[in-house]
Each structure stands twice: as structure tokens, then as C-alpha cells.
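Chemist: Mind looking over this structure? Questions follow.
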């Protein structure tokens, strides 16, 4: 499925390798990725297609960040940035030629993973003897791209204020229609952003009050942690107050069974006590009758 059209929506029709990659991206919160191609010399970024299937520049919400990433790769390359076909050695995919159902757009759209498509050779099928040279031409580009992911953007962790437990909350930037999620286990996140800008970071989580903060991002990465307050249940709501114990389903059933057992035992105790207290009076009345 793309952001524009329903394509290959039947999971059973996907190839095993495709399904494995999709599961992998859903299980692990990757910050960024890249796929290596041949046939051109350029760093390509989303979107790869347009909503009317025509060829023109169609940027995604994080267009500036993607251009920043692509430029780091291109400028660090042996000669990619000198391209006459692609200014600066980078291009928007839809502006170059539209495609749909590709991994680049899917990663960004469904996994919050910023992916570049790196065309690293004008020769579609280079000879094996050329591979060492291609590696040397791209080595610094790959290293600098990876380093930039750590050195820029914002990262942090998200916790609840009542119990201090980690929260797999969503992180959004005001004005950008793109959301990433903190990991479930450690509640850590890393959000790529262009250095030198002012941003409002917003954390949201069902059952918790949203939190936001404004930052001025410098050339280095910034730590932005959040502590989120749970939504308070209204005191005048008896039902909501009664359920505030937040017992999971199986524990709730056991709780009700225990209550019923305790009530039954208490009633039996009362009935037994009533019989014991009344017994001497019955005996007293019987003796009086016999005495007459």
C-alpha cells in the first residue's frame, strides 16, 4: 500500500522476503535506512510518486530533513555532487520518475524510518573488478551519513509521572505531518531534524495528558525527555472510581469470585449464629410446658 493507492494489499500475496522485512521494520524502531542501487549516480529521497501519477517534485512532510541527509551523502562522495543531471547529486524521487510500492516510501510512511535510495554507479551491472573502486568512492559517504544520524536531531525517553514506567508514546513536530513512536521496552526514541531550526516537540499517549516543549536545535543532537501525567478520573463518577483499580481481565474475574465466596461465608455465619442464639429460648419454653 502507498500513500496514494491501494497496491499489493493482500498479505498472502507478498513474497517471504518482503514479509520478513516488513515484520522486521515493525518490530524494531529504525531511525533511518538506505538501499543501494545501480544505473545512476544520485541520492534519491521521498516521495517516489505523486497522487496523479505525473512527474513533478512531490516532497514529503520531512522534505528538508531528507534533502539534508541526501546532501551529506552526495557531498561526501567521490564525485556524486558534481553531477550535471542532478543538481548537488540529489533528487526527489517523483521528480526523477514516479514509482509506487517501493521500500523507500513504505519505510517512511509505515515505520517512521527515513530511507534514502542511493544510486551508486552509472553502470547498472558493474564488473566485479570495479567493486573495490565503488566501495572507496562511497565509503566516506556511508560513514558520514551514519554519523549524522547520531549527531543531529533529538532523542530521549518517555516516562509516566505516577509510576515511572516507560511509555511507548508518539513524538510529533508541530507543523510536520509525520509521527514516530518510542520503543515499548525502553521508551527511547530518535527523531531526525535539520540542525539550526526552532521546533515544538509534542508527546502523546492514550490515557495520558499530552506534553510539549519548544527547542532551538543546534548543530549537535539534543536530548528531549518527557514525563507524562495520567488522565485523572473524575471523583464524582462512581463507576469510573470503582474501575480505577485497573485490574486486567483474568484478575478481575478472580476478584469477583473471591467477593462472592466471602459474601456466602458471611451469610452462612450469620444464619448459624441466629440458630445458636435462639436455641436456649426454645429449650426454656419446652421446660415450662413440661412443668405445667
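A Cβ is built for glycine as well, from the same backbone N, Cα and C atoms used for every other residue.
According to TrEMBL, the protein carries these features:
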DOMAIN    1-149  domain 'Peptidase M14'
ACT_SITE  119  active site, proton donor/acceptor
TRANSMEM  254-271  transmembrane segment
Chemist: Give me the DSSP three-state residue breakdown of the domain 'Peptidase M14' (1-149), ordered helix, strand, coil.
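Modeler: The counts are 70 helix, 23 strand, 56 coil.
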Chemist: Starting from the Cβ of the residue listed as 'active site, proton donor/acceptor', draw a 10 Å sphere and report how many other Cβ atoms land inside it.
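Modeler: Around the residue listed as 'active site, proton donor/acceptor', other Cβ atoms within 10 Å: 22.
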Chemist: Summarise the model's confidence over the domain 'Peptidase M14' (1-149) as a mean pLDDT value.
Modeler: 92
